[in-house]
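Notes follow the structure.
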Amino acid sequence: MKAFTRLNGLVCPIDRANVDTDAIIPKQFLKSIKRSGFGPYLFDEWRYADFGEPGMDCTNRPKRPEFALNQARYQGAQVLLARDNFGCGSSREHAPWAIEDYGFRVMIAPSFADIFFSNSYKNAILPIVASAEIVDRLFKECEATEGYKLDVDLEAQTVTTPSGFSFSFDITPHRKHCLLNGLDDIGLTLVHAEQIKAFEAKHKAQQPWLFA
Amino acid sequence: MAKTLYDKLWDSHVVRQEEDGTCLLYIDRHLMHEVTSPQAFEGLRLAGRKAWRNTSIVAVPDHNTPTNNWDRDIEDPISKTQVDTLDANIKEFGSLIYFPFKHKNQGIIHVIAPENGATLPGMTVVCGDSHTATHGAFGALAHGIGTSEVEHVLATQTLVQKKSKAMLVKVEGALGAGVTAKDVALAIIGKIGTAGGTGYCIEFAGSAIRGLSMEGRMTVCNLAIEAGARAGIIGVDQITIDYLEGREHAPKGEQWNQAVEYWKTLHTEEGAAFDAVVEMNAAEIEPQVTWGTSPEQVLAVGGNVPNPANEADPVKRAGIERALQYMGLQADMPITDIQIDKVFIGSCTNSRIEDMRAAAVVAKGKKVAANVKLALVVPGSGIVKRQAEAEGLDKIFIEAGFEWREPGCSMCLAMNADRLSPGERCASTSNRNFEGRQGPGGRTHLVSPAMAAAAAIAGHFVDIRQA
Ligand code: SF4
């Protein structure tokens, strides 16, 4: 996994509540058996005027100009600004795969759906929960200022706006450690393989029917 | 201190705990389907790892499989590749149960695991699928995970997790005639919102929940995720135990007695504390119909579509306006004036035998309305299908003009050929009314099986209590 330490990134606003993972990456793209290549289809139905199919070349597809990702001012964005309950619905990890593949590394919202939230960390994306007031302020500033960038410092757990306003965010030490060092969970867990085996033996003695 | 059911399930699976509360949780049952597993197996293969305990795996292809013309196999080559990939991966890594495409017991993963006794009380159950919450109906801790986590469970038999908060949703009293588990669940979502359960494990309790069959309880837990909760659970009682007895993978003989003794402890103790409590009166719950593009946009069937002008919160107002536009509805119109084009009875929410029976009772001796282009009934598994056919339900549906299909996810998410065309409106017993969920531009209204069947007959929504 890629490490994440610090980023000064352009912000792209997606101004809707309850954005679900079906919207982030529609189901027809779930037929892929790969992990990469989903970026061009991120928000496919909102982004393009035609119907997207897996494998399609998106360069000449008709775009919906009003959608943020299609606007010149947001090209190259690395910070996704969103509303409440972002990433709700299906557990598909294709959603963070698409977000990461597009180039986003940070998401900021008042709340995220649980499964999407943990899936994001596994893909080197940092989801930041900020109060509704702060998120509202960021939306307003972002709309008012072309080239609006945020400075995100994982070590310090802070986000700073161009005007110098700064707020801090929470992250568990475990997730922070993994992100800062680009570690994937499996290797870390297997360090405890003996402990897992010991637990398994005890569990089997207590509830043998679970192992039938 | 008195423990909640969630505490008991959690505590009995913690392998180790870090200082910040992050735990390594042991996983008893790993359910799989073809969509969210290929990248996980690929990761395992690239790292040269084996499955830690392949007898924990129960797998089935369900999302991509066609529900008719099985003799033609899977015609979409990309769907076929995904199903073939699951076949090959299970062959390579092993499993306890695998029902390939066209196997007589094939079906939706959340239907087949319980009916084969592979979901048991006290288990931790995971699947790369958000509706895994379904299995919580058995007093099991069950939740959906992402593909990286699928790989993690395959490789280590554990999951890195932090304990959620606990919410109690208590529904007391008797449900009115025509009011089902689906209506209870939708009413709960309408009350707490689609993010109301975020960060929580929801325990459903109260006399109305205890009065439900296992099928009904699975419907309720299935929809916990639509309220934002990763897991929904219900304590074990005699109904749970009776359902499991004699099922293929349930314990037998002396182990059965031992298991039952333990399972009977799987409920919340008197006086245990919850972080949040929601109480509902069963008698006040009416048949529900969603009108928008989020399951929380739901109303009693007698209601009128909301008017955005009456909403003070600007984000919510914009949400209502967008939903009305997408759904092609007028503000203030009665729900019962909404005409439908298609009907879908199926999905892991409502495709069990009880759901088939409830729909058949309504359809019996009637005809699907002329304006309804397609009314699909898709049983959740081969076992459900055979049971329904033994009871003659297939004939009732076919005579009424419904199509009786082979099991699978079907039009719940339209990854196979069953889907809505742009602008088409569907009365559906599934779980998500998101934009494009049942096909691009398709419009979904979530209802119970009886309400869906009644809408098929009338051509528009009707109050099942008056149908
Ligand atoms: S029936 Fe629908 S919700 Fe259930 S597992 Fe299949 S696609 Fe997912």
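Cβ coordinates come from backbone N, Cα and C, glycine included.
According to TrEMBL, the feature [4Fe-4S] cluster binding site maps to B:Cys348, B:Cys409, B:Cys412. Secondary structure at B:Cys348 ([4Fe-4S] cluster binding site), as computed by DSSP, is coil. A simple way to gauge crowding: the CB of B:Cys348 ([4Fe-4S] cluster binding site) has 25 other CB atoms within 10 angstroms, across all the protein chains here.
When the neighbouring Cβ atoms lying within 10 Å are counted for each of the binding-site residues (B:Cys409, B:Cys412), the highest count belongs to B:Cys409. Annotated [4Fe-4S] cluster site B:Cys348, B:Cys409, B:Cys412; additional same-chain residues within 8 Å of its Cβ mean position, judged by their own Cβ, are B:Asp62, B:His63, B:Ile108, B:His110, B:His131, B:Gly346, B:Ser347, B:Thr349, B:Ser351, B:Gly408, B:Ser410, B:Leu413, B:Ser430, B:Asn431.
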